[in-house]
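These notes are about the structure you will find just below.
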Amino acid sequence: MQTEILKIDRENIDENILNHAAEIIKKGELVAFPTETVYGLGADGLNPKAAKKIFKAKNRPEDNPLILHIDEDYKLDELVEKVDDRTKFLIKNLWPGPLTVILKKSSIIPDIITGGGDTVAVRRPKDKLAREFIKYCNTPIAAPSANISGRPSPTNAKDVYYDMNGRIPLIIDGGSSDIGIESTVIDMSLENPCILRPGYYTYEYIKKFIPNVCLDDSLVDDSKVPRSPGQKYKHYAPKAEMKVFVGDKSVEKIKDLALKYKNEGKKVGILVFDKDTEKFSSFTTLSLGNKDNLIEMSHVLFEALRDLDRKNVDIILAEGVKDIGLGKSIMNRMKKSASGNIFNL
Ligand code: TXA
Ligand code: MG
């Protein structure tokens, strides 16, 4: 299959491209599109045959459920059994945006979307192009991140193409995703709502709207099995082995190890903050941005991992951050990228 990339100027959106994309969706095929978090791999969420193609294109196990994306005109009530008052309050404040809510599903949701379970995940994205695209499709769009399962989520059209070339007919190129890590997933079907995946909206922030919200056990204790199916798989992984160092002595440690690996003949990739990049000029080094700005770090992390892979490094040594606030969301990804190789120094 030929994969077409069509670039859309956000200032002057070409309706022909959106019509073309919507036609593909209506035919039951897949379209990758930008959202404010990461790029999504979209299909008609009410067409089980179309949604099934997502799993094939991504090599995704079918027990891992999908998020349905809706625009502002679509009634959440149609997709779920009931929208309770606390969920109404939450989405009134945080939608459209990087927040996915899980509720008991209604009877119109195909089993392939929910992994056979009785709940469904729904998100109303904020990105203007995502919203226009969904509106033109006139159906809820099922969309996981547009990467091959296990790889870092793509935050631009080039990274989607790298994984999806030949697997899908169309990628809408809307530039780079604002946020760069996926939405916060909260299970509102429970008596005590629970964050299953932290994202741009942190636990601390969600607490302002849902005071009794908890964090999934697996986010507090690494030995616990996550409640969300997708969280238990290998994830966000670059091809190279990766090690992450946190704390005051991390840069020194990265330097020592980088030299050691270099002497062993390995090509070393380095991911450190702006202020330290010059210390690593003899290595393949990319910046994580300003250390005091975790928003910048989440914006660049996945793209940097993919760029280091394309530079064919053998090992990635990266600086991590404290496991709190947005740092918790970032470290949730880094832990998986590094298969748990996190060192607190
Ligand atoms: O920001 C995002 O959420 C992006 C963009 C494209 O919207 N999408 C995304 O989808 O990250 P995906 O499939 O890569 O991650 C969705 C996560 C998975 O861990 C999945 O297991 C979980 O949400 N999930 C989906 N439906 C669920 C459900 N009914 N119950 C529990 N977990 C669910
Ligand atoms: Mg994903």
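Glycine too: its Cβ is placed from the backbone N, Cα and C atoms.
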One of Ser183, Ser189, Ser218, Ser223 listed by TrEMBL as binding L-threonine at the site of Thr37, His69, Arg123, Ala143: Ser183
Ser183 (L-threonine binding site) and Arg197 (ATP binding site), Cα-Cα, nearest whole angstrom: 8
Pairwise Cα distance for Ser153 (ATP binding site)/Ser183 (L-threonine binding site) [Å, integer]: 12
Among Arg60, Ser145, Tyr236, the binding-site residues whose C-beta sits under 6 Å from ligand 1: Ser145
Euclidean distance between Cα atoms of Thr119 (ATP binding site) and His69 (L-threonine binding site), Å: 15
